[in-house]
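A short write-up of the structure that comes next.
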Amino acid sequence: MDASNPLAGAAVVAENLSIRFGTGDAATLALSDIDLTIGQGDFVSLIGPSGCGKTTLLRAIADLVQPSSGLLRVNGMTPEAARLARAYGYVFQAPALLPWRSVARNVTLPLEIAGMGRAERQAEAERNLALVGLADFARKFPWQLSGGMQQRVSIARALSFKPSLLLMDEPFGALDEITRDGLNLHLHELWASSGLTGVFVTHSIPEAVFLSTHIVVMSLRPGRVVEVIESALPRLRRLEDRETPEFLALSHRVRAALYDGHGHG
Amino acid sequence: MTKKALPVATVLVAVLILWYAAAVWLNAPQAEALMDPDQPHGLWAVAQACWSMDRPVLPAPDQIASALIYSVFGFPLSSPRNLLLQAGYTAETTVIGLFFGLILGILLAIGIVHIRTLDRSVMPWVIASQTVPVLAIAPMLVVALGAMGVTGLVPKAAIVAYLTFFPVTVGMVKGFRTPDPLQLDLMHTYSAGEMTIFAKLRWPSAMAFLFPSLKVAVALAVTGAIVAEMPTGAQVGLGARLLAGSYYGQTMMMWSALVMASLLALAGLLAVTLLERGVILLRGGRL
């Protein structure tokens, strides 16, 4: 890290970031003047009502959307340079597995594209599938797996490049509550043991509070950051912790900030 | 298999009964003229006469079958009168034409999907090309190519390719465009170039469209090959036999060439189906 550059130490830095879709009268402001710093090793949830631009912010970090104005740096680089340097893994709302590839070959896809050798690829896939608890399913095909398992495969795939940054766009939104709890715990343990930086888009307050070191509350039209709430919960958490007064107090604070933001809209 | 066998057999029997009845109906005027008018003859005798004429209007199925067997086994394979040899010529035209049609169709689809100007400028011409009846264009192509000194297999294969590229282009354009925005975003996060996206995403997505297109193309290819054999002076192939049969009033010759042509198309469809099964197997049970 370049010590002379104050931005270099952070995983993500946004300054006065605005994103506009369309032109002229039809233009809509998706994100307005976002200032946000995500430190290395943090787990940050972006929470807000539908259409508040949280997915757009995540996509901008991933270089899937271009900022209209302002500054955005990922690991001290432009989003494009970070993408080319394979600095992040991205987990989409849907698993987006390729149905004609086995689970193992879905996980090796990014490595195949990066030009890694076959044996090395396979070893890497085994390791990443073991991380998400699916080592025994390598030879299965996506349609033979449940929705939760498919999403775990897509997380294993996102870990392929050994990224320092994991971007997740409501990855568990379509799953039932019990599966979701299990995956949240799994993701939490994965993050806690790996030193990854996580950016997580969600609608769910308990999910955000359970997973995050920082919760970014956003508001609607235009998308703005209302408040960044730092969690005082211990770094390592168990599902039972969701019943503690500290957890509930934090949830309450997030909810209040959300309704606050709504009031301005 | 057994579930299908009974309905198929029932339909077959119904068709055969209707066929024999139709043969009596169509052949009776000629058959009665040939019979001795002084001899009393019943309906059954007329029917038998209708089913055993040398040049019937409509030959009975057993007559076609024996004509077919005779034309395949009655002559050495090298003899031009052997129907299998003629079917071989047609098969050669079909396979070569289909191969080039497939390549042309896929290349056009790749261009149309990747280059916006091609999408706008070529697609209407692709559709227009198929509104010209092949019966009109085949002789012109054969004559034009013949004037340039190109004769034999090439003009015929060209006509087959002309007919078969169309379903392939239409199917593959659709197939190459099936990947959804999410899958394309995924490839973008891997910084994959257009070539990689094509190889890893578009091509495998299009497989589900390739095989139906190919089945349509096979049926068209056999028809195309036979039509192409007619204006070339009807020298070789099933088309030549059909033309010769109609010229000399040899209905049985025509029918056996016809049956052979549909057997050829069936073999082609079977080959495509087997190929499809193989690809499905490689892809874990889904296309």
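Yeah, the Cβs are placed from backbone N, Cα and C, and that goes for glycine too.
The domain 'ABC transmembrane type-1' annotation in TrEMBL covers B:83-276.
Nonlocal intrachain contacts for the transmembrane segment (B:94-113), taken as residues 6+ away from its ends with a CB within less than 8 angstroms of a stretch CB, comprise 119, 122-123, 126, 153, 156-169, 171-173, 175-177, 198, 202, 213-214, 217-218, 221-222, 224-225, 264, 268. Look at TrEMBL and you will find B:94-113 (among others) tagged as transmembrane segment.
Only residues 6 or more beyond the boundaries of the transmembrane segment (B:125-147), in the same chain, are considered here, and those with a CB under 8 A from a CB of the stretch are 108, 154-156, 158-159, 162-163, 166, 169-170, 223-224, 227-228, 230-232. The transmembrane segment annotation in TrEMBL covers B:125-147 (among others).
Long-range Cβ contacts of the transmembrane segment (B:153-173) within its own chain (Cβ-Cβ under 8 Å, at least 6 residues beyond either end) map to 92-94, 96-98, 100-102, 104-106, 108-110, 112-113, 123, 126, 129-130, 134, 137-138, 141-142, 145-146, 206, 209-210, 212-214, 216-217, 220-221, 223-225, 227-229, 232, 237. What TrEMBL records for B:153-173 (among others) is transmembrane segment.
Tertiary proximity for the transmembrane segment (B:208-228) is limited to same-chain residues at least six positions away from its ends with a CB under 8 Å from its CB atoms, namely 90, 93-94, 97-98, 101-102, 105, 134-135, 138, 142, 155-156, 159-160, 162-164, 167-168, 170-172, 174-175, 178, 237-239, 242, 261, 264-265, 268-269, 271-273, 275-276, 279, 287. Feature annotation from TrEMBL assigns transmembrane segment to B:208-228 (among others).
Per TrEMBL, the feature transmembrane segment maps to B:252-275 (among others). When Cβ-Cβ distances below 8 Å are used as the criterion, the transmembrane segment (B:252-275) is approached by residues 55-56, 59, 63-64, 67-68, 71, 83, 86-87, 90-91, 94, 98, 211, 214-215, 218-219, 221-222, 226, 238, 241-242, 244-246 of the same chain, each at least six residues removed from its ends.
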